[in-house]
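A.B. asks: If you look up TrEMBL, you'll see 20-44, 64-80, 87-106, 112-134, 146-166, 172-194, 215-238, 250-272, 279-298, 304-324, 336-359, 365-386 marked as transmembrane segment.
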């Protein structure tokens, strides 16, 4: 074989950058850096049941992981055009595998806290880079849809299988699953084309209309509060079920099923679009969210626990999709959408931290549920103002 045939052979193994296989690989790449978010409940439960940490400490470790990811995602906005994406992704994946494997041997809170902070930062850099690659594909909507299916599907599998293993194997099963996911992604990476996409030429900042700051700030605040309230409860949802007397096996099964059912949320967004505006859809979905969250007070009933998880899972994906879409409407240059992703991660990180404080102070699960309800109600009030603003503007445009 000639020297020139070797690069040609390698290139022939690479998939169509806009095909389904590339979409799957990019979905795994974007998920690898933040997969622990999808199994956060299993991780928090495993740190308590397997490592013996307090619930407050477990929540802090979950939070620092996501805070680190938020910082890494911000760095990615600066590095994605300056560093070769393949080098960045390979380096991040190798580092993530090493940290996850190393975390198995750590048995102290302070050391694990530091290790997961670094893990989060590297994972955020990887996810931010992957999102930039997805945005450059010809069919980015389809790829983001694939990303949701990978996250919800494998996340559901994780919360079903991992919690029963924590009392038997400690944190080993948790961190090995994260390392295995990163390894699988690393093995897929060589098949991704050297140039997975051609970026669209965006409007320059000078040509783009000015930001609509007031409704944008309200939307960003709604995203932060909504994500914090949901993730604060989700991080301890396994502990909640067990605390109300449910069997660990049933809790894991209910969460796995709820994660898969939650795929209906993004699907409904694609079906409804803007046919009915945003205000009434968000109003109705938030009423259902509040009702479903309140049902957690009756988690001693297996049926109530299942219904609450499924219902809130569907509305979570539904509401977040519309909120992130709203950020783009207030800034056509796309700057606000990127910042909306950062705010979302900050909310996801803050929820478990606040929930850990509540439980660490001995205030109990009922207080945790009520705090989540208060946060969701506040986010509902905030989000409906910019939603009404957008609907009114849309009605005026259609009337012309």
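Glycine is no exception: its Cβ is also placed from the backbone N, Cα and C atoms.
A TrEMBL annotation is a machine prediction, not a hand-curated record.
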A.B. asks: Could you give the residue numbers and ranges of same-chain residues that sit at least 6 residues beyond the transmembrane segment (146-166) on either side and whose C-beta is under 8 angstroms from one of its C-beta atoms?
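C.D. replies: Same-chain residues near the transmembrane segment (146-166) but 6 or more away: 20, 23-24, 26-28, 30-31, 35, 38-39, 41-42, 45-46, 49-50, 134, 173-174, 177, 181, 238, 248-249, 251-253, 255-260, 262-263, 266, 317.
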A.B. asks: Could you pull out which residues elsewhere in the chain have a CB under 8 Å from any CB of the transmembrane segment (87-106), counting only those six or more residues past its ends?
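C.D. replies: For the transmembrane segment (87-106), the list is 29, 32-33, 79-80, 112, 115-116, 118-119, 122-123, 125-126, 129-130, 171-172, 175-176, 178-179, 182-183, 185-186, 189.
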A.B. asks: Name the range, of those listed as 112-134, 172-194, 279-298, 336-359, that has the largest tally of Cβ pairs under 8 Å with the transmembrane segment (365-386).
C.D. replies: 279-298
A.B. asks: Going along the chain, which residues at least six beyond the ends of the transmembrane segment (304-324) come within the CB cut-off of under 8 Å?
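C.D. replies: Long-range Cβ neighbours of the transmembrane segment (304-324): 148, 152, 219, 222-223, 226-227, 230, 237, 241, 244, 246, 251, 254-255, 257-259, 261-266, 268-269, 278, 281-282, 285-286, 288-289, 291-293, 295-296, 298, 337, 340-341, 344, 383, 387.
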A.B. asks: With CB pairs under 8 Å as the measure, which of the listed stretches 64-80, 112-134, 172-194, 279-298, 336-359 comes out on top against the transmembrane segment (20-44)?
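C.D. replies: Stretch with maximum Cβ contacts: 172-194.
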A.B. asks: Under 8 angstroms for C-beta pairs, at least 3 of them, ignoring pairs fewer than 6 apart in sequence. Is the transmembrane segment (64-80) in contact with the transmembrane segment (336-359) by that rule?
C.D. replies: yes
A.B. asks: Counting only residues 6 or more past its boundaries, what in the same chain has a CB within less than 8 Å of a CB in the transmembrane segment (112-134)?
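C.D. replies: Sequence-remote neighbours of the transmembrane segment (112-134) are 26, 29-34, 36, 47, 51, 60-61, 64-77, 79-80, 85, 88-89, 92-93, 95-96, 99-100, 102-103, 106, 140, 143-144, 147, 196-197, 341, 345.
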